[in-house]
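Database features, via Swiss-Prot:
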{"type": "BINDING", "residues": "GLY438, PRO439, PRO440, ASN441, THR442, GLY443, LYS444, SER445", "note": "ATP binding site"}
{"type": "DOMAIN", "residues": "398-562", "note": "domain 'SF3 helicase'"}
{"type": "MOD_RES", "residues": "SER76", "note": "phosphoserine"}
{"type": "REGION", "residues": "84-103", "note": "region 'Disordered'"}
{"type": "REGION", "residues": "146-313", "note": "region 'DNA-binding region'"}
Amino acid sequence: MDPNEKGIEVLSFIDEQAECSGSDSEEGYEESQSDLSDLIDNTECEQGNSAELFAQQEALAVQEHIRASKRKLKLSFRNPLQCITSHSNRTPSRAAPKRRKLDDSGYNEDILGEVAQVDENGGSEGYGSLGSQNVSGRVQVCNVNAANKENDLCGSFLRAGSRRATQLAIFKDKFNISFNSLTRPFKNDKTCCNNWVGAMFGARDELLEASKMLLQRHCDYLMLLMHTCKLGFMALYLLEFKHAKSRETIRHLFQQILQIEKEEMFLEPPKLKSLPAATFWWKISHSASAYIYGELPDWIARQTSLSHQRQDDQPFDLSQMVQWAYDHNYTDEPTIAYNYARMASEDSNAAAFLRCNSQVKFVKECAQMTKYYKTAEMREMSMGKWIKRALDEISGTGDWKDIINFLKYQGINFLSFLASFKDLLHGIPKRNCLVIVGPPNTGKSMFVMSLMKALKGRVLSFVNSKSHFWLQPLNAAKIAVLDDATKATWSYIDTYLRNGLDGTPVSLDMKHRAPIQICFPPLLITTNVQVMKDPLYMYLHSRLMCFEFPNPFPLNEAGQPALILNELSWKSFFARLWRQLDLSDAEDAEDGEPPSPFRCCARSADRHL
């Protein structure tokens, strides 16, 4: 083809195309302008699903974090509002609703149930509105913090349990016996006990050596055995304290001495009745590496020594108990039971008494037998021997002049009183009753009661006169006192007791026994009735020795008695006027051989009383 023709065709083609697209270009321009005018839309735009997509993505991230944590520890989150939702959907019941204790999770807690409810399997339920998505991150952070706190708490428990298990394993490895096999647990740290077992870990060697000396002032027995372990030095203590102590007190004591924490020590009381435990302590006490201070505790010796075992097998002997009560002058049943039980740790027969099932029976029999012996011994004694023995039991000294000054103050001739008092002590017929007459507050009762305490007499009370046995104490008395006799008392005496005041034998009714024949002991009576001036009691005038106290008892400026009338005053009085009262039996006893002590059981001479 000719090149000129080819160029013409190209130009014609361009011209044709330009003419055809002219109108289209104008319409396209107009349309492009309309599109550009709508490029910026100022109308309110709807959110759509972008926020929900973001919340789902965040929830998935938290869910992955939770699953990663649950692979290590099986934890389940608590949803405190899930219970509220379930309760709100229920139909109301007739019963009144109860107040429930709900956990408070802070601001906007109600959105927690809508945002992310995590069940035990780790799944999540639906999401709420746009407002809930704004706080979803905060709620998720709170859940993660709660999980971390629970993980830390569980970890601390695991570490503490692991430490204790490690220490117990080390103890068992070193001594071939578990710590719990040697001790009995005390749940309360304030429970006191004399014997304690201690296992200490991690203390320094020099402090353990120093504890040997520092603990001696607190203990009657101390045993220390030291070993080395992977935790450092381990020490085993067996302690018998002088006084009962609690775990808290002993813990503070070891913290000061060994400078260790309470987690590094075990403190429990030993098993006192376990033969394997006692054998273990007895065996290691003979070890060359053990430090011993004091004598072996009785609870170990009792189970490991043949002599102690024979003593434990010894049956109860009532005669030894009676001998003990007689030597200590115990005749009251509660006193005998209490004091003999206290001797169980020292006396084998007392320990056997505690093992008996008939303790009440034995106590009654012991008290009754002691009374029999004491009464028979009293009847064999003369008045002089009895007074001498009673005054020897009074410790201290008094002034006999107080009694003489008091009699002079009341206007009584001392020589006349001394003669009557001598006849009273010797039981002269018709001179066997001394009466003190006077108005109130003159010292009558103080005068006779102090004499009664000094001579260990008995007291009669007319309030018991309706009973046939109100005079029964006269059977076991060397002297008796009837205080504040009224007209009814004198009428009774005038009717029934004339022979008794004479000092002749009378028949005395005894409880649970047949009437016995006795002579009334010397009798002191105080009264406000002028019995010697009343003709109604004329038959008693010859049987009574009467002295009148007309003056009130003297007092000092402080309101205290100016004259001291007590058992010490009477002790000095009898010592001063012993010969004048013709109480010479004590002097005769000093010239002869001393009487042998009473024995009601076959016992050795060196036996403990």
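Counting begins at 1 with the first residue displayed.
Here the Cβ of each residue, glycine as well, is placed from N, Cα and C on the backbone.
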Residue with minimal Cβ packing [other Cβ atoms within 10 Å] among the binding-site residues GLY438, PRO439, PRO440: PRO440
Sparsest-packed among the binding-site residues, when each Cβ's other Cβ atoms within 10 Å are tallied, from ASN441, THR442, SER445: ASN441
Fewest other Cβ within 10 angstroms of its own Cβ, chosen from the binding-site residues GLY443, LYS444: GLY443
Cβ-based neighbourhood (8 Å from the centroid) of the ATP site, residues GLY438, PRO439, PRO440, ASN441, THR442, GLY443, LYS444, SER445 excluded: THR526, ASN528, PHE549, PRO552, PHE553
